[in-house]
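These notes concern the structure reproduced below.
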Amino acid sequence: MSDMYHQLPPEIWVKIMDHLKEVSLLLTNKDFFGLFNLIDVEKNMIEHIVENGYLDVLKYIDSLKNQNKFIVDKEKFSVKSLDKYLIMSCEFGHLEMTKYFVSQGANVKTDNNMPLRLASQNGHIDTIKYLIENSVDVRANNDCALRMASLFGHINVVKYLVDMGADVTSDNNFAIIHTARSGRLELAKYLAEKGADIRASNDSAVIRASERDI
């Protein structure tokens, strides 16, 4: 990629970037990164980096900041909130980035345990295990993690959370009711085996299942 950079003068690359409206190329190596001095990028690059899991790039930017380099002393490289970026890394399942933010001081329980909720909702089992191993309460917010994992059909996550102490009957058997509504027979059977009440809320789960011919 560095060889490609040197095939064209910087001003041509700037025009290409302006035309493509794609900033990821600027993150491929130090040569392209230097074009940030010449290109007006409106988006916050830290958010873009976190969404895509570019941990090495994030560490490189942090090293430049520690050296007080002008190129990263701009709004597009500003860190709005470590906790916010931790939440994002958990949402997208970037485990190593999650660990990095925690090492920098981010709170794994931030925003009412939002990291665990979003990791469970999106089925990122390794991130979930890391959070729980680092003192996040598996039963936080009335077993929100279990309810979200059930709602979105992540059976491996549900099983892990139950093994760690989550209650399948929380919120008036929310998990099995919504699992039945979604037609996820295997997960519904598992929840019932673990004590969820199939007849809760006036047989809501049974009705939902019958509507789908389960």
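Count begins at 1; order follows the chain as displayed.
Here the Cβ of each residue, glycine as well, is placed from N, Cα and C on the backbone.
Since this is a predicted model, take the numbers as computed values, not measurements.
Copied from Swiss-Prot, the annotated features are:
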- 41-70: repeat 'ANK 1' (REPEAT)
- 81-110: repeat 'ANK 2' (REPEAT)
- 111-140: repeat 'ANK 3' (REPEAT)
- 142-170: repeat 'ANK 4' (REPEAT)
- 172-200: repeat 'ANK 5' (REPEAT)
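Here the repeat 'ANK 5' (172-200) is broken down by DSSP into helix, strand and coil counts: 21 helix, 0 strand, 8 coil. When pLDDT is averaged over the repeat 'ANK 1' (41-70), the result is 78.
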